[in-house]
Amino acid sequence: MRQLSTQDADFDSQLTELLAFETVNDATLLTTVDDIIARVRHGGDSVVLELTQQFDQHPATTTQALELSKEALAEAFANLDDVVKSALITAATRVKTFHERQVQETWQYEDELGNRLGQKVTALDRVGIYVPGGLASYPSSVLMNAIPAKVAGVKEVIMVVPAPKGVLNPLVLAAAHLAKVDRVFTIGGAQAVAALAYGTETIPAVDKITGPGNKYVAAAKRAVFGQVGIDMIAGPSEVLVYAEGEAQDRADWLAMDLLSQAEHDRIAQAIFVTTSAQQLKEVAIEIEKALAELPKADIARDSLKNRGVLILVRDREEGMAVINRVAPEHLELSVDHPDALLNSIRHAGAIFMGRHTPEAIGDYCAGPNHVLPTSGTARFSSPLGVYDFQKKSSIIYCSESGSKPLAQTADILAQHEDLEAHARSARYRYQ
């Protein structure tokens, strides 16, 4: 795992190189995805079935067989071990409670002319959620995508999840039942995104697609944007852990927080930033100790080698500057007084405050969404939320008397834009 210091002459270029990562602009990938989308768009069910058999070796012989019944979801939930069922319910309850606070309501006000202005908030009609599949799948992703949609008032939530060789993690199905997902199709990849975007004879077209996936899913979401809305183009997951070498810090905790990200994927990114050279050394040692016995050590080791970094900064100000430059998906502030740093953080997907708040809690059960902007997009993007499943319409009502002064203003401006019909339309209201 490489080490950098802000005092290095080439620090800026080294950091830029580490942060540079793009998987969805590969020409071959884009050509493949465009071909899949075109085939699904024109071939419908038969192409979806063919590609699912080809890529996932799914045993289904009809597209209808790719859909799971609500009874199957309920059975998966009922058969859960009591401890696991309780944990899933706890997570779902907390996610729902948090997201209920995000609901936006319609509002109106009357201006000084007696005109009524406002904003109408409406839930989307139908959304599609993509959930990574197989045995190593993530029921938490079901909760984080479906629950905000339901809280927003979405009428129908369609879930797609790949099932290699027809095999699915029962916990994913149980989560779909708990989150009140309306329909579940065992399809994945670019073909699933295309089916959701354009619809087939069996799979209904949706208004928006959310949820993480591999590079083919990300490229497909980018390609269908405009036909449907999307939440974001998700890149590899990342964490930045910040500490200052305080007495209460534990190097083994910090190391494990970094490794919890690195074990996700060989292209995941774990970054440690500290003001203490001694702490940097201690964390490096603890990482090596943990790698000796972690089940996914091979994945974590590759991740740390390829994209991990330990960064030494001179002071807190430099630390905050590095954080805002990285704009991490997950940011842990492992310090005594994290609130003192909050106003200095401008760019981060989720901020984990204090050393008793590891990213892992946020991933599963804290309540805020774990679908977060990656690859520096926290500079301009937000976590998935209820607001992603609601849209807004402006409300404008002008009374007869209130219309006249506004029409005069519109008339003048329209003339200066050389739009005569606009000007006359306004003029008719006051002459």
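For all residues, glycine too, the Cβ spot is worked out from N, Cα and C.
Feature annotations, courtesy of Swiss-Prot:
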{"type": "BINDING", "residues": "Tyr130, Gln191, Asn214", "note": "NAD(+) binding site"}
{"type": "BINDING", "residues": "Ser237, Gln261, His264, His330, Asp363, Glu417, His422", "note": "substrate binding site"}
{"type": "BINDING", "residues": "Gln261, His264, Asp363, His422", "note": "Zn(2+) binding site"}
{"type": "ACT_SITE", "residues": "Glu329", "note": "active site, proton acceptor"}
{"type": "ACT_SITE", "residues": "His330", "note": "active site, proton acceptor"}
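On the structure: features taken from Swiss-Prot.
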{"residue": "Tyr130", "record": "NAD(+) binding site", "DSSP class": "strand"}
{"residue": "Gln191", "record": "NAD(+) binding site", "DSSP class": "helix"}
{"residue": "Asn214", "record": "NAD(+) binding site", "DSSP class": "coil"}
{"residue": "Ser237", "record": "substrate binding site", "DSSP class": "coil"}
{"residue": "His264", "record": "substrate binding site", "DSSP class": "coil"}
{"residue": "Glu329", "record": "active site, proton acceptor", "DSSP class": "coil"}
{"residue": "Asp363", "record": "substrate binding site", "DSSP class": "helix"}
{"residue": "Glu417", "record": "substrate binding site", "DSSP class": "coil"}
{"residue": "His422", "record": "substrate binding site", "DSSP class": "helix"}
(message) Taking only C-alpha atoms and a 10 A limit, tell me which of Tyr130, Gln191, Asn214, Glu329 are near Ser237 (substrate binding site). These are the recorded positions.
(response) Glu329
(request) Would you mind checking how many other C-beta atoms are within 10 angstroms of the C-beta on Asp363 (substrate binding site)? (result) 21
(request) Starting from each candidate's C-beta and looking 10 angstroms out, tell me which of the binding-site residues Gln191, Asn214 has the most other C-beta atoms. (result) Gln191
(message) Please identify, from the binding-site residues His264, His422, the residue with the sparsest Cβ neighbourhood, meaning fewest other Cβ atoms within 10 angstroms.
(response) His422
(request) Other Cβ atoms within 10 Å is the metric here; tell me which of the binding-site residues Ser237, Gln261 scores highest. (result) Gln261
(message) What whole-number Å value do you get for the CA-CA distance of Glu329 (active site, proton acceptor) and Asn214 (NAD(+) binding site)?
(response) 17
(message) Applying a 10 Å Cβ distance cut-off over all chains shown, what neighbour count does Glu329 (active site, proton acceptor) have?
(response) 29
(message) Please list, in sequence order, the residues in the chain of Tyr130 (NAD(+) binding site) that are at least six apart in sequence and whose C-beta is under 8 Å away from its C-beta.
(response) Asn145, Val160, Val161, Gly188, Ala192, Val193, Leu196, Ile209, Thr210, Gly211, Pro212, Gly213, Val217
(message) Rank aside, I only need the closest one: which of the binding-site residues Gln261, His264, Asp363, His422 has its C-alpha nearest to that of Gln191 (NAD(+) binding site)?
(response) His264
